[in-house]
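*Asks:* Under the heading NADP(+) binding site, TrEMBL lists Gly43, Val44, Gly45, Leu46, Val47, Gly48. What TrEMBL records for 43-171 is domain 'Aspartate/homoserine dehydrogenase NAD-binding'. Summarising the annotation, TrEMBL assigns NADPH binding site to Thr122, Lys146. According to TrEMBL, the domain 'Homoserine dehydrogenase catalytic' annotation covers 181-391. Annotated L-homoserine binding site per TrEMBL: Glu238, in sequence order. Marked as active site, proton donor by TrEMBL: Lys253.
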Amino acid sequence: MAIASFLTRLPSALTASVRPSLGRLLLHTTMASSPKIYVAVVGVGLVGSEFINQLLTIRSSPFHLVSLTSTTRTLFNHAQPLSASWKSDLASSADRPDLAKLTQQLSALVSPTQKVALIDNTSSEDVAALYPTWLKAGISVVTPNKKAFSGDIALYEEIVAASASGGGKFLNEATVGAGLPVVGTLKDLVATGDKIVKIEGVFSGTMSYIFNEFSTGQPDGPAFSSVVKIARDKGYTEPHPADDLNGADVARKLTILSRIASSSSSSLPRLQSYAAVDTASLIPPALENISTGDEFLARLPEHDAHFASLRAEAAAAGAVLRFVGVVDAVNGRVRAALERYPTTHPFSTSLGGSDNIIMFHTERYGARPLIVQGAGAGAAVTAMGVLGDLLRLV
Ligand SMILES: NC(=O)C1=CN([C@@H]2O[C@H](COP(=O)(O)OP(=O)(O)OC[C@H]3O[C@@H](n4cnc5c(N)ncnc54)[C@H](OP(=O)(O)O)[C@@H]3O)[C@@H](O)[C@H]2O)C=CC1
Ligand SMILES: N[C@@H](CC=O)C(=O)O
Ligand code: NA
């Protein structure tokens, strides 16, 4: 605290050079003297595993990893926090997942001197539905799972109310743009009184990767299905790739941003759920309702010719294909669609890999939007976004 207040009083020219090292000292000092924060992780897939590994590398950490839950097993031990052997510890646990019991166990740890954070690294609706219960019990929720914040408005409002009434905090930076500072940037813009005019960009790491590779301005190139398969192998896609290709993942991200932006714009619609976003799906009708990602990928090659013709038409017009999302706060529209952009446009020239690019057009930023760009999917950057949120609880 003393260092924090000292930092704010330093002249800005001086702080520019000393702030980084003092900042590190402050963080180290704060963490070393911080009360315990018990951490429970639900979901130990790509992001969950990477999150745990990153968490365990923090030195002088106030975090005590006390519980892990997968779809088949769980373990809880607040007396002896988990360490690098967490994977085999979980694999050898005989306990079956029981989120009601976990809620009781974690609630008992909440006290004025001890915090508890539940990290939801699943994409489960069932887990998301428990956020209000956890928040009311004083358990903070940190998550990259978009379901609660983009689903039924009633659940979203319950979460906001539970947190506002003195319960736990909810932190969801990684739900949009993975580790990129998108949710926090928008909250800061709104909280400081800026007016959002429009938010537009490439919001899907999967869609970005697919179209950066598939549509380069040339009339031909790799088969669409082969690029989708590589995107899944790289860990960019949702567990079922159709949840990316149908535009739902982008619609969910737009819903999350639109709900935050709506407090500064009376024109934005009160979205009942992400399904209310005007979304143009890329799923061929014959592949709708396929339940597994593997079967979906096996049948996607049947539709390569369709996507190849869209690519050739765009190239003939001097354009590339990009799947974009827009929150238009002036006209009150939220939409996601595959669109053509000239090969000279930043959506064509400056994107690579799984990059997201998000442009915030606001009253203060005027004609030159605030732009956030970088990898928007992948376990490492997503876990970093989740861990960054957890650090904010310290
Ligand atoms: N990957 C990325 O680049 C990004 C991911 N995200 C979000 O992060 C979250 C995790 O994604 P990712 O790690 O890639 O996905 P994974 O499928 O690799 O991991 C999800 C894990 O959650 C587990 N799970 C599902 N339901 C439950 C449950 N009820 N209880 C316990 N565990 C459960 C699954 O277990 P099982 O394997 O047994 O089904 C799986 O291991 C998702 O919400 C995703 O949208 C956000 C930004 C980027
Ligand atoms: N599947 C998503 C992962 C992050 O939310 C994406 O491709 O962006
Ligand atoms: Na983010």
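Every residue, even glycine, has its Cβ placed from backbone N, Cα and C.
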*Asks:* How many other Cβ atoms sit within 10 Å of the Cβ of Gly48 (NADP(+) binding site)?
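*Replies:* Its Cβ shell of radius 10 Å holds 24 other Cβ atoms.
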*Asks:* For the recorded positions listed here (Lys146, Lys253), tell me which residue's CB has the most neighbouring CB atoms inside 10 Å.
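*Replies:* Result for the most crowded candidate: Lys253.
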*Asks:* At a 10 A cut-off on CB-CB distances, which of the binding-site residues Gly43, Gly45 has the highest count?
*Replies:* Gly43
*Asks:* Let me know the most crowded of the binding-site residues, choosing from Val44, Leu46, Val47 and counting other Cβ atoms within 10 Å.
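*Replies:* Counting every other Cβ within 10 Å of each candidate, the maximum falls on Val47.
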*Asks:* Using a 10 Å cut-off between Cα atoms, which of these recorded positions sit near Gly43 (NADP(+) binding site): Thr122, Lys146, Glu238, Lys253?
*Replies:* Thr122
*Asks:* Just jot down the residues in the same chain as Thr122 (NADPH binding site), at least 6 apart in sequence, with C-beta under 8 A of its C-beta; none if empty.
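*Replies:* Thr122 (NADPH binding site) has long-range Cβ partners Val42, Gly43, Gly45, Gly48, Asn145.
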*Asks:* Other residues with Cβ within 8 Å of the Cβ centroid of Gly43, Val44, Gly45, Leu46, Val47, Gly48 at the NADP(+) site?
*Replies:* Ser49, Glu50, Phe51, Asn121, Thr122, Ala379
